[in-house]
């Protein structure tokens, strides 16, 4: 399990569950023992994954019935945050929900260019600020624009430097204070393994978030980070990125994940 990027704490918990099931059990054949072990492991993993209710963005937006519904995205550089925002925008559009994107990563010029490309391709409005400008002001303008244009959802991109510092934390907190998001999503790279768990802990301690979108799951990653997030941080994984196409964002499914974990 440790090879599948499952944290030590989660592995210990699952092994304890397994020990509780096996102690005192009489098994006639080795095949029966193997079956008992696998079923016990699957049950323990399923309990961890299902203790947090999965967040369905479309359902959340419709349930809250608020305009505009504001979503802010966090994540360090390189996790695929910009592409993920484009995928969420595509999903909203497919579900007949209008949206506007706030390019609040004013720290990195390439982020604005990437968002401009996706917004143009998806025919979605984009609000940008000056390079090095106030990211919270960009978010504020995007929300006001959504209100005046009767747009359903605002998607806010944020800066994500590889070395997270207190300046960045202060910037993100200010965006949250001004934008008052209905949903805060942390984007993590499944290839980062336990580094992703450390990022998740840091963002939770310093900024806070509601759910995770895990990217690059199509690459050679076991996705054990999902178990670690659920057990150690009580955070649900809402969606998985499984490719570069706009429609390659799928809802997280516990059964699918368990099958994948045991096939690896």
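Cβ from N, Cα, C; glycine included.
Taken from TrEMBL, the feature GTP binding site applies to 75-82, 157-161, 215-218. Sequence-distant neighbours of residue 81 (GTP binding site) (same chain, six or more apart, CB under 8 Å from its CB) are 73, 74, 75, 157, 160, 187, listed in sequence order. Reduced to three states, the DSSP call for residue 81 (GTP binding site) is helix.
Helix, strand and coil residue tallies for the domain 'SRP54-type proteins GTP-binding' (236-249), in that order: 0 helix, 6 strand, 8 coil [DSSP]. According to TrEMBL, the feature domain 'SRP54-type proteins GTP-binding' maps to 236-249.
Using a 10 Å radius centred on the Cβ of residue 158 (GTP binding site) and all shown protein chains, the other Cβ atoms total 27.
Comparing the binding-site residues 75, 78, 161, 217 by how many other C-beta atoms lie within 10 angstroms of each C-beta, the top residue is 75. When pLDDT values are averaged over the domain 'SRP54-type proteins GTP-binding' (236-249), the model yields 94.
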